[in-house]
Each structure stands twice: as structure tokens, then as C-alpha cells.
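Summarising the annotation, TrEMBL assigns domain 'Arf-GAP' to 8-130. Among the features that TrEMBL reports, domain 'PH' is placed at 133-234, 256-362.
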């Protein structure tokens, strides 16, 4: 008969092996669960997804469940490093590998792609299942700019032309918009869009950030769209920067925003009434964007956040002359041209905004950043 405590000690020792100290699927530290059919150590959140894959995965708690000797021996013979070599052998460079903080749809489809469809093992013979093309077309539900209703629209992504087009009527009558891949970003926003598969696509139009909000009812389809956009972006970046390595280009394919949320702001004279605005801090473009509403199609303004050695500074002190602010946790952003005054609703939000802004200000500026800085200044 298996010794419960002995086997538990063995499993805890296995967690110290290279690769096993983090979740095999999302990278979360200190996994407490394992799939005894796949031989991987996983976190609590990913174990919930594995529970739905009953034909290929079965899970147990390392600390709480009873483990038979043969299952422990199986875990000994496998582990996260072995599984990675087996199931992630051919992951395309552009394909998004979810982190612990990513939304459920990304983590679920990554797990299904690896173990259920085996898209990256080299065993998949059906090219339709490989999300390795920067060309994609189909229907997505898109939020209207003016009526704010989600309507079904035809989208066509072309890696050849580096464009994303969508249509409000028949394709034969031409696209409603042709969006260049050059400045496009895509990020999942389920809470903001209020749909578990909600995707925000942003791009530059006449030096202003334009957003469209879409979703698809199918989990695999919306993630296929996301990775197809990443494939097209990766292809564009390889063309634009032919000497750069894949590892240098991958962080520039798409990105999540460093911080989002409400703050109140006043105007340039610092006597104007404070207005509640939705802010997005894009650390890659070094821009703090603000909107009247989180789902506005076009930003109302942009503030470039440069480096501290170039006259940029953030403090938690409000000028004494400031009046009329409902929220008392203040932030002052100083640029070479002017001061920007913001207030946060509570201390937690204030702390998070201060940390995020300081993170950007501490980052050295690249040649592209100077171009972005000039473009933002020209708009003012």
C-alpha cells in the first residue's frame, strides 16, 4: 500500500527540479497541482482548465490528495521540462504564451492547443489547426463608434498587404476601414468590454489613437484572430527591421497596457474644473492617453512620458493653488512644457499609478521614442 506522507515528500522534492517550480502552462510560481496523465505540475487556475479536458488530463492536489506509487513514478519520469520538449516543440515565435495574469480565454486555448490539439508537437497533420498564418477572415461582433451597439462585421486580415479591413456592407462595396498593421496593437479586455472574449484593437489615425472593440462567441476563433494579428505584426516587423533577431522583435508584436483606470484631471491653467477621465498608460509608446469613457473610439488627449534625464518627473505632491478636486490623492507629472495635475480615488490606485509612471520615466528613451515625443508635441 502506498505511503501517503512518503509520496507527498517525493512530489514536493520533484517541484525543486528545473522547470517544475513554475506552472507548466502560465508560469505562476509554486504550483500545487499536477496532471497525472500529462506529467506536468500546474497552478490552481490552470488545474481548473485541465479538469475540463477529461480525455487527456486528470489532476490531483500535490498536498491534499492521495497519490498511488505508480502515479508518483510517472511524475518522476516526466515533469514540466519533458512536457515542454514534447508539447511545445514547434511553437511559432509570434504565438502568444499566456502568463498567470492573462485572461481565462487565452490560458484555456493555450492549454487546449498544446495538449488537446497538439498544434506544436509535430504530430498535427491538419494545417487548418495551426495558428501560424498572418491571413485570416471572418465575422466579429464590433462595437459601433456612435450607436455603441455591437454589430456583426466582416474582417479580413492580410499579411501580404499588412492591413486589417472591416466591412459594414457587402465586401463588393469596399471596406469601411483599412487599418495598417504598422501601428496596430491588440489586447484582450474582457472586463472593459464586458464580454469574456472581448478584444481591443488600437491603431494610429492622423496621429490620434483609434480603438475598436470586438468579440467572437467562440473561444478558439477569437484567440485565432489574436494570434493571426500577431503573425501579421511579426511579419511586418521582420520586414521593417531585417537585422533584428526574433527575440528582439517578439516584445514589439503586441502588448498589454501597463496601467488603466479612472483619474480626475484639471486643465493647463490649473484653475479649470476637475473632470473624471479614463486613462491608459502605454509603456511601449510612452504615452498616457485619456478618454471620457473607457470604450470611446478616439482618445481625447495624449501626454508623452519621457525619461527623467530629459525634464520629466512624477511626484505625489499637488500645487497649493489647486482647488475643487473631489479626490485627494494627487499626482503631478512634469514635462519640459508644463505640469499635468491628476487625482486618484484611493491610496491603492494612487500607489499603482505612481509605480507605473515612475517605471516609464526610469526607462531610457530609444530613437523611436524621440520621434513619438515630437509627434505628441506637434499635436499640442
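Backbone N, Cα and C define each Cβ position, glycine as well.
Keep in mind that TrEMBL annotations are predicted by a computer and have not been checked by a curator.
Across the range of the domain 'PH' (133-234), the DSSP-based residue counts are 26 helix, 45 strand, 31 coil. Across the domain 'Arf-GAP' (8-130), DSSP classifies residues as 47 helix, 11 strand, 65 coil. Taking DSSP states H, G and I as helix and E and B as strand, the domain 'PH' (256-362) has 18 helix, 40 strand, 49 coil.
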